[in-house]
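**Q** Could you have a look at this structure, given as structure tokens, before my questions?
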Amino acid sequence: READHRAWTPVSYTVTRQNATVQGLTEGKAYFFRIAAENIIGMGPFTETTKEIVIRDPITVPDRPEDLEVKAVTKNSVTLTWNPPKYNGGSDITMYVLESRLIGKEKFHKVTKEKMLDRKYTVEGLKEGDTYEYRVSACNIVGQGKPSFCTKPITCKDEIAPPSLDLDFRDKLIVRVGEAFSLTGRYSGKPTPKVTWLKDDIVVKEDDRTKIKTTPSTLCLGILKSVREDSGKYCVTVENSTGSRKGFCQVNVVDRPSPPVGPVIFDEVHKDHMVVSWKPPLDDGGSEITNYIIEKKDAHRDLWMPVTSATVKTTCKIPKLLEGRDYQIRIYAENLYGISDPLISDEMKAKDRFRVPDAPEQPIIKDVTKNSAVVVWNKPYDGGKPITNYIVEKKETMSTRWVRVTKDPIFPSTQFKVPDLLEGCQYEFRVSAENEIGIGDPSPPSKPIFARDPIAKPSPPVNPEAVDKTKNSVDLSWQPPRHDGNGKIIGYLVEYQKVGDEEWKKANLTADSCPETKYKVTGLTEGLTYKFRVKAVNAAGESEPAYVPDPIEVKDRLEPPELILDANMAREQHVKAGDTLRLSAVIKGVPFPKVSWKKEDHEVSPKADIEVTGVGSKLEIRNTVHEDGGIYSLTVENPAGSKTVSVKVVVLDKPGPPRNLQVSEVRSDSCYLTWMEPEDDGGSVITNYVVERKDVASAQWVAISSTSKKRSHMAKYLMEGTQYLFRVAAENQFGRGPYVETVKPIKAMDPLHPPGPPKNLHHVDVDKTEVSLVWNRPDRDGGAEITGYLVEYQEDGADEWTKFQTVPMLDCVVTGL
């Protein structure tokens with residue numbers, strides 16, 4: 001039965017098991033149930049449920065919560081959020097349980113103690129550097145459900161993220177005056193960045209019109225009722241400990257321009273038109289001026305008439321005027337954003353105002369020389385028409401006739417250099433101006449001037465110095481002044497002052513007594529110290545003095561000799577034979593040293609010219625020959641010491657003759673020549689040898705080699721039996737030296753050997769004082785015809801053989817035995 005009904009409704013009549021399923025119930029209603037047992041005798045008593053049962057689906061513990069996320073981490077806290085379970089188990093969630101586990105430990109510990117239904121929790125009081133993982137469970141009336149999946153391990157440390165910046169505005173922004181504008185955007189970063197607004201590098205501060213609003217994630221700069229001064233480059237900086245980001249916006253607050261700048265200038269005024277000009281507005285409203293609007297008005301009427309609105313120039317022609325009427329002009333500037341207030345001119349009468357120019361003021365004459373002068377004047381009033389020319393005239397003071405100085409136009413310059421003046425004459429000048437109407441009156445005459453070069457005092461002499469001194473004099477030297485004042489330097493005044501005195505004494509009384517740039521100051525006292533100065537003098541007077549830098553002590557100067565070698569006194573000097581040898585050096589020393597030249601420690605050749613001057617010495621030998629070479633030394637000596645320098649002089653010439661020419665290995669068609677190099681190579685490497693031969697019967701020498709670098713040569717192609725002479729010369733870059741010749745002719749023939757011994761020597765007759773001998777020819781004749789046989793005899797027992805005679809035949813009678 002339903003709990004709020006009394007009537008019972010049968011569910012089943014035949015249930016044999018100890019359970020039954022009751023169907024057809026209404027969800028959410030409460031019911032009582034009862035059961036009775038029945039047998040064949042009848043039904044027993046009912047047993048009722050003790051309390052009502054509400055019909056609903058079975059209740060379980062909730063599912064696991066979802067999307068457990070870490071939202072923030074600091075060094076001592078962790079903030080987590082999660083979503084509810086997909087299914088709450090059939091009963092509302094009563095609380096959430098958040099648990100944590102320290103990495104390295106096994107057990108999870110409950111973090112939340114109170115009954116927590118929020119799905120966000122910050123775990124605090126953690127230890128920096130520890131690492132945890134977290135899980136969360138949901139509870140309902142039945143109990144605690146499964147925990148969520150664990151978070152990743154989370155280490156307690158301050159989170160850091162560089163700033164990010166996302167702007168809602170572009171690089172440029174144009175705003176009309178009076179409108180509001182705002183610059184907005186979003187930003188992020190950990191730790192939370194600091195937001196700074198700058199305008200043209202200056203920090204923006206809030207005021208009545210300027211508002212700055214910053215939230216943890218958004219930023220905004222707003223300006224109400226903008227004015228032109230709000231234009232500029234705005235910059236927002238978002239910065240934390242990890243870095244910064246910047247955003248820029250060029251804001252241009254635009255407005256109509258300010259009025260053109262006056263006054264209105266009437267450049268030209270005519271009876272029917274005028275030309276006016278003005279200056280652009282000081283402020284163009286932030287946008288280029290697109291045009292000017294010009295209007296005119298008769299001064300006695302109220303109606304303004306348009307002239308033009310299309311000009312961009314700051315000048316305009318005002319046409320269609322009535323002669324004699326007064327007019328006013330007004331001018332507006334216009335840009336894209338509007339039209340300025342007007343600039344209004346003074347009244348101006350329309351009439352021709354032109355006449356010839358006024359007379360210039362009295363001209364001034366400057367830069368006068370002996371034949372020219374520069375005339376300078378101021379521009380006069382032009383009579384309303386531009387001046388086109390100036391006319392400059394001159395006259396001699398005693399004359400009455402003015403003469404134009406040039407036929408060429410003089411304009412726009414207001415000065416002119418007048419040429420062709422006569423030196424010594426006195427002149428006056430005057431100037432007239434000319435415009436298209438005509439020539440105006442001339443100016444008053446200038447002050448008279450004489451045509452001559454101006455003379456000023458000269459500038460001081462340059463670099464005065466003491467160049468020498470003795471025990472009672474000092475030699476001074478200097479250079480002329482840089483400027484002579486256009487007058488000839490008459491001479492110089494030299495003055496000296498004893499150190500400690502105030503008075504300067506004159507070394508020379510008049511300038512013309514010292515016309516040159518040197519002077520010897522005499523009559524000084526030995527051992528005292530003096531200062532010196534020099535003045536230049538021309539017709540205009542004395543220059544400022546130039547001082548010798550340091551005081552000079554008067555005493556004899558002793559300086560050891562010093563040699564400053566010229567380029568021709570290098571360690572080795574080469575000169576070509578026949579050329580001139582020059583050796584020179586600059587010599588210093590006090591007193592001037594004694595100079596001596598030596599060659600190889602002997603006197604130099606008499607042909608040498610030696611010159612000694614007060615500053616140096618020079619040795620010169622003309623038409624040098626090889627023998628002029630050697631080591632030359634220059635010695636300079638004074639009481640303070642001596643100095644010597646040496647230079648090796650090489651006179652470059654042709655080489656000498658080769659030495660020891662020998663002929664060997666003579667054959668019927670060749671022979672071998674050898675020789676030694678010349679004693680003197682002429683100062684230059686021997687490049688080759690020239691070998692020549694000559695038939696004794698001929699007068700002509702024939703070259704057989706001219707390029708050989710060796711000191712030997714095989715002379716080939718000789719004619720057998722002919723007698724030859726040979727000669728050899730050496731060559732270097734300066735030419736061929738003398739020849740060396742063989743002493744005697746060489747006959748071209750194969751070499752000879754002694755013949756063999758005669759054969760079969762025996763006697764054919766013997767007498768008491770003579771023996772007849774015969775023999776046969778030898779086997780070999782030695783390469784030449786046998787010319788005779790030498791017969792010798794020896795007494796038995798003696799050591800020596802005695803020559804008898806040489807016979808041509810194969811027999812001989814030896815007599816005188």
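Positions of Cβ are set from backbone N, Cα and C atoms, glycine also.
According to TrEMBL, the feature domain 'Fibronectin type-III' maps to 1-58, 64-159, 259-353, 359-454, 460-557, 657-751, 757-817. What TrEMBL records for 163-252, 561-646 is domain 'Ig-like'.
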**Q** Where, among 1-58, 163-252, 359-454, 657-751, do we find the most CB pairs under 8 A to the domain 'Ig-like' (561-646)?
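**A** Between the candidates 1-58, 163-252, 359-454, 657-751, the best contact partner of the domain 'Ig-like' (561-646) is 657-751.
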**Q** Count, for each of 1-58, 657-751, 757-817, the Cβ pairs lying under 8 Å from the domain 'Fibronectin type-III' (64-159), and report the range with the highest count.
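**A** Highest pair count goes to 1-58.
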**Q** On the DSSP side of things, how many residues of the domain 'Ig-like' (561-646) fall into helix, strand and coil, could you say?
**A** 6 helix, 53 strand, 27 coil
**Q** Using DSSP, tally how many residues of the domain 'Fibronectin type-III' (460-557) sit in helix, strand and coil.
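**A** Grouping H, G, I as helix and E, B as strand yields 3 helix, 44 strand, 51 coil.
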